[in-house]
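**Student:** I'd like to ask you about the structure that follows.
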Amino acid sequence: MERINQTSSVSEFILLGLSSRPEDQKPLFVLFLIVYLITITGNLLIILAICFNPHLQTPMYFFLSFLSLTDICFATSVVPKMLVNFLSEKKTISYVGCLTQMYFLYAFGNSDSCLLAVMAFDRYVAICDPFHYGTTMSHHRCVLLAAFSCSFPHLHSLLHTLLLNRLTFCDSNVIHHFLCDLSPVLKLSCSSIFVNEIVLITEGPIVLVTPLLCIAFSYIRILITVLKIPSTSGKRKAFSTCGSHLTVVTLFYGSIFYVYLQPPSTYTVKDHMATIVYTVLSSMLNPFIYSLRNKDLKQGLRKLMRKRS
């Protein structure tokens with residue numbers, strides 16, 4: 001705490017949220033409470049269905065269970081504070097709370113990104129090299145890939161959090177956002193943010209783009225392999241295993257690149273909707289996207305519900 005007080009005269013920030021109109025607060029609270037409950041319930045059901053169904057003990061569903069767990073943590077780092085502020089007259093967050101939220105926001109967001117890349121690699125091996133799938137995607141290797149995907153993003157998040165903590169914040173403490181995101185917080189600093197911006201526009205895109213390049217490479221190889229399959233049914237079966245993953249990738253990366261591949265100085269309130277998509281909506285929709293297009297997972301969910309009843 002002494003370190004924080006020395007570098008900042010601001011002890012808390014004010015989050016303006018999605019709307020400043022009092023009549024909007026309760027409807028927004030109800031809306032996001034429903035979204036949050038659906039997110040938690042849907043992802044928990046996916047995890048339980050995979051854990052208790054022997055037919056789903058495969059690398060693809062192993063990574064999906066980690067993605068669902070990360071989505072729960074990702075949404076939890078954002079939505080509860082939003083819900084509190086919807087019902088509060090003074091929509092504040094402490095300086096430490098702001099840094100903490102930002103840390104977990106980037107840690108879990110980038111874990112999602114890495115897991116999506118690992119899942120694309122899994123589909124690549126399954127379709128392009130099926131005879132060596134068992135050895136390539138061994139349990140030991142799957143555990144290492146999942147561990148790396150969930151641990152490496154914490155280093156990226158820690159870097160930006162430490163760089164932010166060295167800045168000085170003077171009088172302005174109003175964040176034009178519903179969460180503590182890096183770009184709007186940087187705009188409040190009364191000290192130089194040159195180092196932060198350099199790191200943001202160099203290291204940031206590398207962390208974001210590298211998983212996407214892995215996904216793109218995997219699907220290019222998958223496409224080449226599938227086009228060589230002579231039967232239409234074979235092509236359809238191969239593509240069906242990738243459809244859900246591609247939908248999730250498009251939803252997640254489309255919104256996240258819109259927000260972060262721009263300098264902090266150009267950040268505007270219009271980016272709020274894109275932020276909601278990748279922080280809240282994608283975590284809620286992922287279970288539906290994967291379960292509705294996957295017969296094995298739907299069967300696993302039915303068995304789970306029958307056990308509960």
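Heads up, the Cβ atoms here are built off N, Cα and C, so glycines get one too.
Automatic prediction, not curation, is the source of TrEMBL annotations.
Below, the features straight out of TrEMBL:
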TRANSMEM  28-50  transmembrane segment
DOMAIN    42-290  domain 'G-protein coupled receptors family 1 profile'
TRANSMEM  62-83  transmembrane segment
TRANSMEM  103-121  transmembrane segment
TRANSMEM  142-163  transmembrane segment
TRANSMEM  206-227  transmembrane segment
TRANSMEM  239-261  transmembrane segment
TRANSMEM  273-292  transmembrane segment
**Student:** Short question: which residues 6 or more past the ends of the transmembrane segment (239-261) have a Cβ under 8 Å from it?
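**Tutor:** For the transmembrane segment (239-261), the far contacts come to 60, 109, 112-113, 116, 119-120, 123, 126-127, 181, 183, 204-205, 208, 212, 215, 219, 222, 226, 271, 274-275, 277-278, 281-282, 285-286, 289-290, 293-294.
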**Student:** Across the domain 'G-protein coupled receptors family 1 profile' (42-290), what is the average pLDDT of the model, as a whole number?
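**Tutor:** Here the mean pLDDT over the domain 'G-protein coupled receptors family 1 profile' (42-290) amounts to 88.
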**Student:** Let me spell it out: take the transmembrane segment (62-83), skip the flanking residues so only those 6+ beyond its ends count, and list any with a Cβ under 8 Å from a Cβ in it.
**Tutor:** 15, 17, 29, 32-33, 35-36, 39-40, 43-44, 46-47, 50-51, 93, 97, 101, 104-105, 108-109, 111-112, 115-116, 118-119, 122, 142, 145-146, 149-150, 178-179, 279-280, 282-284, 286-287, 290, 297
